[in-house]
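The active site annotation in Swiss-Prot covers Glu43, and the record cites similarity to another entry as its basis. Taken from Swiss-Prot, the feature GTP binding site covers Asn17, and the record attributes it to similarity to another entry. Taken from Swiss-Prot, the feature site 'Involved in polymerization' applies to Tyr240.
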Amino acid sequence: ICKRNLDIERPSYTNLNRLISQVVSSITASLRFDGALNVDLTEFQTNLVPYPRIHFPLVTYAPIISAEKAYHEQLAVAEVTSACFEPANQMVKCDPRHGKYMACCMLYRGDVVPKDVNAAIATIKTKRSIQFVDWCPTGFKVGINYQPPTVVLGGDLAKVQRAVCMLSNTTAVAEAWARLDHKFDLMYAKRAFVHWYVGEGMEEGEFSEAREDLAALEKDYEEVGLDTFEAEEEEGGDEY
């Protein structure tokens, strides 16, 4: 994101932290400022977590515009909302088009009115590329905060009038677990760095246990994404 959107050749931890801080600021804004629809942190858990194990939200933030390329025309609510469903604006590398959404939490900041938000979400629901699971209603939790995003003076990000941070629970995040598993398997096959952990008091069995747990988590996400509605129809046949 830093390279593509902000034209930073070699992003440092400062660049990354400034981007992450915008996300954290958006999530906690409702605790600090007034808005039309304030969202409590406990509401995230209620709305985003359908099962205890499926509790890893995918975070997306828009717009991410460099200070040098700051638009004179501000992006509309519909545009920033649509940008939240683009893989390019995600904080975790995975393709939501290959998965299904279980729930979405949209946190708007700045010059935003509920009417525009409702229209933008209605448009999103009509898009074929954005799929929701069929065993729960297509829930969009919305938070609107009147405080516009604040940026660090002389920083990489442009000052914008409105922004949105989306927390979504999608089965596509399992791609991140698969990547992690693959990297672990390559290193663990050679027992790379294991001696350091064992030397500090860990047991080798803990690595195998953690690997099995992550494999089970991948399976859980896979099962959640299955078309339960279709499966029930096939089982039931023509019975009413």
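Each residue, glycine too, has its Cβ placed from N, Cα and C.
Predicted, not measured: the structure shown is a model, and the values here were computed from it.
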### Query
Roughly how many angstrom lie between the C-alpha atoms of Asn17 (GTP binding site) and Glu43 (active site)?
26
### Message
I want to check the contact list for the residue listed as 'active site': same chain, sequence separation of six or more, C-beta distance under 8 angstroms. What comes out?
### Response
Lys141
### Message
Taking 10 A as the limit, how many CB atoms besides its own sit near the CB of Asn17 (GTP binding site)?
### Response
11
